[in-house]
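Quick look at what TrEMBL annotates:
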- Lys82, Gln145, Gly177, Asp208, Lys351: UTP binding site (BINDING)
- His178: substrate binding site (BINDING)
Amino acid sequence: MWISSFQKDFDGFKKIFHRFLQVKGPSVDWAKINRPPEDSIQPYEKIKAKGLPDNVSASLNKLAVVKLNGGLGTSMGCKGPKSLISVRNENTFLDLTVQQIEHLNKTFNADVPLVLMNSFNTDDDTKKILQKYKHHRVNIHTFNQSRYPRINKESLLPIAKNMAVSGENAEAWYPPGHGDIYASFSNCGLLDKLIAEGKEYIFVSNIDNLGATVDLFILHHLMSQPADRRCEFIMEVTDKTRADVKGGTLIQYDDHLRLLEIAQVPKAHVDEFKSVTKFKIFNTNNLWISLPAIKRLHEKNAMDLEIIVNPKTLDGGLNVIQLETAVGAAIKSFNNAMGVNVPRSRFLPVKTSSDLLLVMSNLYSLDAGSLTMSKRREFPTTPHVKLGSSFTKVQDFLTRFESIPDMLELDHLTVSGDVTFGKNVSLKGTVIIIANHGDRIDIPAGAMLENKIVSGNLRILDH
């Protein structure tokens, strides 16, 4: 088994490396980029206006949910899979995902399976934890992303000395981005298994995006298309804000919808790419994809995913490159592909401790694994939160809050330096707290800060 899976990985690597050597210059010709035609990106309201079918469970029974679970929690100072970080009331990303799907299955008497795409970094730890969901009403499957060798930037040779993944070779391998889903999903046999079970679509999203729940309206839209005009790929996009300037966007290119990532943009056009006026939307990475179409395209080797060259510097200072692909880049290969412009609430990723503060706060209420914005917040947008480096690691973050502050009326929060928060603090408007180097600021229990700048060395007394 191990040899054959490695052989498949190696064949995949050979293909991408061969293409990498052939392709010179940027993968897009900037002059050929056009805005997508009006009808190719539908507003979510229009999809929702169609309502729901009489038999929701029949639609759900044709769906499987795939979560991208290859990432580690290193950027948040955690060891092991990111999906095992607690985000709300002791629930991890994985707990919330299982609760959401179990709730769907119970409510509609359906059988929506959960599929986790692990990487060699997350597979063992994830499988151990899956035991605890044995008695939940969700069938859980896992498969592994490929494992490719990192390449020395100068010599373009793999840096691995042998096949081992540990010891001196630990840094020699990498999972090649989520675009690998098509090949590894097919290679492991799960694609055929799901098709044999009558599944027609997968809903794919990042496991750290807490807004990526199964949307029954989008599912119904897919299921209600005439057979000859079946939409094989939907990408959920949402309006860009200043915070999203690096997100991939949809363009029209050679008469196809295409995903344009910042890594593919020629340097001279990066500012234009980031502008909110020219490219108004970005990819949430919530994707609805036809299973028979994946099978057809994979068998014909017809998915030409742009290569993203990701440079890394290893601990010893060696410069390497990783050749990666993105799952959304396949949109151009599918028939009748479209974008759906969804509300911002469908994009709630937790990449940093600043994001974690938002989802742990009273801005959101938790119901059956889904987070929804509190009705008591007057604005539908989330506050802008920037926590300094003292909060980067989840463990440090947790020790600095005796309880998560009330943030219902918060617009903007910046915290820098050695700052702690007592119990039942409330933050309103714009709050900036800056402890200078060597100083410490303790916000006392019960404090209410509204449009305040706090700096220096402060032990605010109760007031």
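Every residue gets a Cβ built from N, Cα and C, even glycine.
This view paints the features noted in TrEMBL onto the structure.
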residue	record	CB count, 10 Å
Lys82	UTP binding site	24
Gln145	UTP binding site	27
Gly177	UTP binding site	24
His178	substrate binding site	24
Asp208	UTP binding site	22
Lys351	UTP binding site	14
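Overall, the recorded UTP-binding residues Lys82, Gln145, Gly177, Asp208, Lys351 cover a maximum inter-Cα distance of 21 Å.
Closest to the residue listed as 'substrate binding site' in space, going by CA atoms and restricting to the binding-site residues Lys82, Gln145, Asp208, Lys351, is Gln145.
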